[in-house]
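Colleague: This is the feature table in TrEMBL:
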DOMAIN    10-189  domain 'Formyl transferase N-terminal'
BINDING   Gly19, Thr20, Asn21  N(1)-(5-phospho-beta-D-ribosyl)glycinamide binding site
BINDING   Arg72, Met97, Arg98, Ile99, Val100, Asn114  (6R)-10-formyltetrahydrofolate binding site
ACT_SITE  His116  active site, proton donor
SITE      Asp152  site 'Raises pKa of active site His'
Amino acid sequence: MSQPAPQPIRLGVLASGGGTNLQSIIDACAANQIAARIACVLSNNPDAGALQRAARAGLVHECLDHRQFSCRQDFDAAMVARLQHHQVDLVVLAGFMRIVGPAFIEAFPQRILNIHPALLPAFPGLHVQKKALDYGVRFAGCTVHFVDGGVDTGPIIVQAVVPVLDNDTEESLSARILEQEHRIYPYAIDLFARGALEIAGRRVRIRAELAAGPQPTLIQPPLPR
Ligand SMILES: Nc1nc2c(c(=O)[nH]1)N[C@@H](CN(C=O)c1ccc(C(=O)N[C@@H](CCC(=O)O)C(=O)O)cc1)CN2
Ligand SMILES: NCC(=O)N[C@@H]1O[C@H](COP(=O)([O-])[O-])[C@@H](O)[C@H]1O
């Protein structure tokens, strides 16, 4: 029995690239699949496709080009100021390619999520789809986690698994993972919005009774050869 939707929380989505994760969140909000609304979209990259997607969706969007700031701390402070101005409840990193510092994290304690295109703790950092392919793993996937002071080390909320095929390229594997990212990120954000996430040390407990519905399928079986 799903719970009635609570008052929507306000999201601040940070993106540096094309914004397909942002688009999946935009679409999920429009379909009332997330108990949230996007208050603003911020990017560090003036050329980010995410800014164009935000504009098309009629969303508040701003670029704070990190290259215009004298240091990482000043950039972080400016981002925090904009997020607080827009009264953001949850910061959603959606392909945001800057490491946020302690002051940013202190401003939003346990209220910053990130999506990573690997099954953490395997393959943190960048270019991880290629790293997984080169390593020879049989399964890959993606992870939604809380952001903490480390990089890709925060408590894990949801993961999805995809098979790695013998003829996979970095592009084909990235595309397969991205499809799952677009499914699990809206789901994870909605769990947070409904107060269904409880952090206990490294572990995150999902209170199913507060979720909107059943957990989506998270393990993609190997494709027929
Ligand atoms: N404190 C944290 N900040 C961020 C996290 C995190 O877990 N903790 N996740 C990242 C997203 N991410 C991987 O999922 C990631 C993004 C960027 C980098 C990185 O090395 N960035 C470089 C600049 C790279 C560039 O501009 O092309 C840097 O910031 O110096 C590592 C991991 C978001 N932030
Ligand atoms: N380490 C962070 C990282 O690699 N993030 C990845 O950047 C891509 C952004 O795509 P998008 O702009 O189309 O959402 C996504 O695959 C996301 O997991």
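Each Cβ is built from the backbone N, Cα and C atoms, and glycine gets one as well.
Whatever TrEMBL says is automated annotation, not expert-curated.
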Colleague: Using a 10 Å radius around its CB, how many other CB atoms surround Asn21 (N(1)-(5-phospho-beta-D-ribosyl)glycinamide binding site)?
Modeller: 24
Colleague: Determine the mean pLDDT over the domain 'Formyl transferase N-terminal' (10-189), rounding to the nearest whole number.
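Modeller: Here the mean pLDDT over the domain 'Formyl transferase N-terminal' (10-189) amounts to 98.
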Colleague: Whole-number Å only: compute the distance from the Cα of Met97 ((6R)-10-formyltetrahydrofolate binding site) to the Cα of Asn21 (N(1)-(5-phospho-beta-D-ribosyl)glycinamide binding site).
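Modeller: The Cα atom of Met97 ((6R)-10-formyltetrahydrofolate binding site) is 13 Å away from the Cα atom of Asn21 (N(1)-(5-phospho-beta-D-ribosyl)glycinamide binding site).
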Colleague: Over all pairs in Arg72, Met97, Arg98, Ile99, Val100, Asn114, the listed (6R)-10-formyltetrahydrofolate binding residues, work out the largest Cα-Cα distance in Å.
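Modeller: Across Arg72, Met97, Arg98, Ile99, Val100, Asn114, the two farthest Cα atoms sit 19 Å apart.
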Colleague: Using C-alpha atoms only, work out the spacing between Val100 ((6R)-10-formyltetrahydrofolate binding site) and Gly19 (N(1)-(5-phospho-beta-D-ribosyl)glycinamide binding site) and round it to an integer in Å.
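Modeller: Between the alpha carbons of Val100 ((6R)-10-formyltetrahydrofolate binding site) and Gly19 (N(1)-(5-phospho-beta-D-ribosyl)glycinamide binding site) there are 19 Å.
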Colleague: Could you tell me the C-alpha distance between Gly19 (N(1)-(5-phospho-beta-D-ribosyl)glycinamide binding site) and His116 (active site, proton donor) in angstrom, no decimals?
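Modeller: About 14 Å separate the Cα atoms of these two residues.
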Colleague: Report the recorded positions (Arg72, Arg98, Ile99, Val100, Asp152) that meet this criterion: Cβ distance to the nearest atom of ligand 2 under 6 Å. Use sequence order and write none if nothing qualifies.
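Modeller: What lies within reach of ligand 2, judged by Cβ under 6 Å, is none of the recorded positions.
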Colleague: Are there recorded positions among Thr20, Asn21, Asp152 that sit within 10 Å of Asn114 ((6R)-10-formyltetrahydrofolate binding site), Cα to Cα? If so, list them; otherwise say none.
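Modeller: Hits: Asp152.
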Colleague: Measuring Cα to Cα, how many Å separate Asp152 (site 'Raises pKa of active site His') from Thr20 (N(1)-(5-phospho-beta-D-ribosyl)glycinamide binding site)?
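Modeller: Asp152 (site 'Raises pKa of active site His') to Thr20 (N(1)-(5-phospho-beta-D-ribosyl)glycinamide binding site), Cα-Cα distance: 20 Å.
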